[in-house]
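Taken straight from TrEMBL:
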- 2-153: domain 'PurE' (DOMAIN)
- S10, D13, R40: substrate binding site (BINDING)
Amino acid sequence: MPQVAVVMGSISDWPIMKKTTTLLETFGITYEKHVISAHRMPSELERFGQNAKNSGLQVIIAGAGGAAHLPGMLAANTLIPVIGVPIQTRALNGLDSLLSIVQMPAGIPVATVAIGEAGAKNAAILAAQIVSLQDEAITTKLTDFRQQQRQASIDSEADLI
Ligand SMILES: Nc1c(C(=O)O)ncn1[C@@H]1O[C@H](COP(=O)(O)O)[C@@H](O)[C@H]1O
């Protein structure tokens, strides 16, 4: 039974959302991935959201661009925490996606991360932190990941030439 679902509004979001799944694999988290659009597939979205808890999922990561209603509509259909990834857009650089995801009305939260690649990576780390509350092996992997980042920053000083 996968721990996390990675959902995107379109296959065109996959190059960014692949950053999320790659990191989930690094942390040893099991996941499933789907294209589900709130706009184009409203009944599938409702069914997925309403079955998510029973299928054993612990976190949903949802990436969408433009009028990015997908994360909010998933959140409206489940009690599982939803992390929203705003996809960068050509017309408005992803500001449209960010505001559509972050400005949820009180009562239906979406944990919104940064636009684009940084957000896609942070979504995976945040999901790993949530799943790690019940999985000690993931805590160990997260600790190692932090240590590697720290060491890479320390080592980078040698390049200040
Ligand atoms: N924001 C949404 C939703 C939704 O929120 O339901 N469905 C698709 N999309 C977004 O439309 C953009 C363009 O999609 P296409 O490339 O398929 O036209 C994508 O970034 C997708 O996430």
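Cβ coordinates come from backbone N, Cα and C, glycine included.
The Cβ of R40 (substrate binding site) has 11 neighbouring Cβ atoms from other residues within 10 Å, across all protein chains displayed.
For the binding-site residues shown (S10, D13), fewest C-beta neighbours within 10 angstroms: S10. Taken over all pairs of the listed substrate-binding residues (S10, D13, R40), the Cα spread reaches a maximum of 15 Å, rounded to the nearest whole number. The average pLDDT the prediction assigns to the domain 'PurE' (2-153) is 98. Same-chain residues that are not part of S10, D13, R40 yet have a Cβ within 8 Å of the Cβ center of the substrate site turn out to be M8, G9, I11, S12, V35, S37, A64, G65. Look at D13 (substrate binding site): DSSP puts it in a helix.
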